[in-house]
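Down below is the structure, laid out as structure tokens.
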Amino acid sequence: MSEMTPREIVSELDQHIIGQADAKRAVAIALRNRWRRMQLQEPLRHEVTPKNILMIGPTGVGKTEIARRLAKLANAPFIKVEATKFTEVGYVGKEVDSIIRDLTDSAMKLVRQTEIEKNRFRAEEMAEERVLDTLLPPAKDQWGQIEERDTNTNTRQIFRKKLREGQLDDREIEIDIAAPNIGVEIMAPPGMEEMTNQLQSMFQNLSSGQTKKRKMKIKDALKALIDDEAAKLINPEELKQKAIDAVEQNGIVFIDEIDKICKKGEYSGADVSREGVQRDLLPLVEGSTVNTKHGMVKTDHILFIASGAFQVARPSDLIPELQGRLPIRVELSALTAKDFERILTEPNASLTEQYQALMATEGVDIEFTESAVKKIAEAAFRVNEKTENIGARRLHTVMERLMDKISFDASEMSGQNVIIDGDYVTGALGDVVENEDLSHFIL
């Protein structure tokens, strides 16, 4: 679980997302409150529930990107889902309970990785001994039983030194490692994922505990044996319990496109993929118990962050009960031409940096002048105004159009230095930006 302060979280998000200070503050406070709650004593800790967030803003302004970056910072079980993928219980399609099942699977991977890292030192020692046993087989007594290994013999120490220095890396040995689980792909109708999971687990259990002889280089054998030994040091039942605790106490669910499940107009009848989904989401957000293959998971303290453009629907079109479960509302503002300029240059791995790095692989040095960046930003902003406003995603389209010729010829331009200035941008984009019909089809 992340122990970063709200200011540190916002500072980290600032490196990747331009503007949207209110949204960054809201998620930073929510993430910090997870840590604060865990510092409380038990009777009070249980009463403190997370304040779920609803992010409202046009497409392409950073809602999903905030979630993506938050997942990396949180160091907690995290899952992002599209609200449109689900249907009401009893109809064909995914049930909302599968969100918690997927979140628990994600927690299992996270906790397993943490446990492996904790035991890595011991696993490395044991893997080293197994490689040395293969290189220098221990003596057997008259009954064929292996005598106690002498780890301090001179020869063994010489081989240990060579092994640690990498002198034996390319030597081939034959080792016994755990056989991979049988991968059985079962195609089942939507909504029956739980049954397929149980069948897959059953087939995997049939093959667990079996070993397989493999011939490989010592350097690869060490990696395989370290993973093998680390897996043996992990208690599966303890792992499941830790994963369930991580989900219940620190889990975060990001529900995108929630505006697409709002009821439209005075439509009457079974609305299984809209209002029905909202009704099914209610118990999850409010707090219920979901049965997963790892055990029962309570959702009382899972943080839910929902987002939507709300261009056709409004937040008030959500059913009142769900509105009440999303008390924190954050509006993200539409991006200006100035924001586009900053997006092109300021974030880590900005778009201009990406294109420079891609062309550098061909030996072409690309330089974007300030006037070029300004013209690109203006072009993207104008096309957004004239046609559909898709936010920062328009920059990808404009940049691809701008770099089209250089990208095609780059393999024959090795060693050249290309300066992209305002005139170059006008020449490459001018006609398309000015002609509204062309903008519709090309940008």
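Using the three backbone atoms N, Cα and C, a Cβ is placed for every residue, glycine included.
So that you can see what the record holds, here are the features copied from Swiss-Prot:
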- Ile18, Gly60, Val61, Gly62, Lys63, Thr64, Glu65, Asp256, Glu321, Arg393: ATP binding site (BINDING)
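Lys63 (ATP binding site): 27 other CB atoms within 10 A of its CB, across all protein chains. If you compare every pair of Cα atoms in Ile18, Gly60, Val61, Gly62, Lys63, Thr64, Glu65, Asp256, Glu321, Arg393, the residues listed for ATP, the longest distance is 34 angstrom. Long-range C-beta contacts of Ile18 (ATP binding site), restricted to its own chain and to partners at least six residues apart, with a cutoff below 8 Å, comprise Gly62, Leu335, Asp339, Arg342, Ile343, Glu346, Pro347. The local packing around Glu321 (ATP binding site), expressed as other Cβ atoms within 10 Å of its Cβ over all shown chains, amounts to 13.
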